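**Student:** The following feature annotations were taken from TrEMBL:
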| type | residues | note |
| --- | --- | --- |
| DOMAIN | 12-213 | domain 'Ion transport' |
| TRANSMEM | 17-37 | transmembrane segment |
| TRANSMEM | 121-142 | transmembrane segment |
| TRANSMEM | 182-203 | transmembrane segment |
Amino acid sequence: MIGGVPSYAPSPFTDPFFVIETLCIIWFSFELLVRFLSCPSKTSFSRNIMNVIDVVAIIPYFITLGTELAETESNGGQQAMSLAILRVIRLVRVFRIFKLSRHSKGLQILGQTLKASMRELGLLIFFLFIGVILFSSAVYFAEADDPTSSFSSIPDAFWWAVVTMTTVGYGDMHPVTIGGKIVGSLCAIAGVLTIALPVPVIVSNFNYFYHRETDADDLPPCALNASCDHLPGAELLQPRGSCKTASYAKSAETLNNSIHKLKKTK
């Protein structure tokens, strides 16, 4: 009550951002349903990571809508779901940005590069994990006798090891003893070497997919059709011939057949 007049909280359904989000969700849901119905293989569609992201990005809206309706009907009663959990679920909507990869060749090349480099990335993470364990343990024991040390435990030193190996160096934790500084120097050197090792392989994969994409754009249409037997013009190509040579060969064959038919009629 404010001055004898009952005060009402503004309804979230009249919020312009909620209206815009509702329109976008309706469009995204319609698009997702049409793509699912038109897809020949429903199993492949369901296993596609981008389609899974689309579904997970749409679900939080309906959870929020159900929560708001439940709160409205109960007139401020108990919430249908914890707000903290709801915020985490709604955070998944950020992954919608990956839908741009369908229209961006650069993002497609990046995705193909990361997919082809999963083994190298796995080795990188594995080496970093080993380095973090080793150097965090070493710096803890090197700094254990100093009362002013920031390293109270080995797990507490994990953050310092990660920051040092990635050469970020925030400076919130640093060794103060000679032994700790030696361990820190070795940790930084090992981090540089560990991160630099798989980089050439990843760059090589990126160059491969990039040049393959650019070379495919530069090929003439008949050369692209040669890779698929069911496309028009595929039968005109020979393994080592150009498009023009294959066309001339086909024309010459047609002319010879016509002359042969004329001779038979005579």
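Each residue, glycine too, has its Cβ placed from N, Cα and C.
Bear in mind that TrEMBL entries carry predicted annotations, made automatically and left uncurated.
I'd like to know what surrounds each of these features in this structure.
**Tutor:** Counting only same-chain residues 6+ beyond the ends of the transmembrane segment (17-37), those with a CB under 8 A from a CB of the stretch are 45, 51, 54-55, 57-58, 61.
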**Student:** Please give the average pLDDT for the domain 'Ion transport' (12-213) in this predicted model.
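**Tutor:** Within the domain 'Ion transport' (12-213), the model's average pLDDT equals 84.
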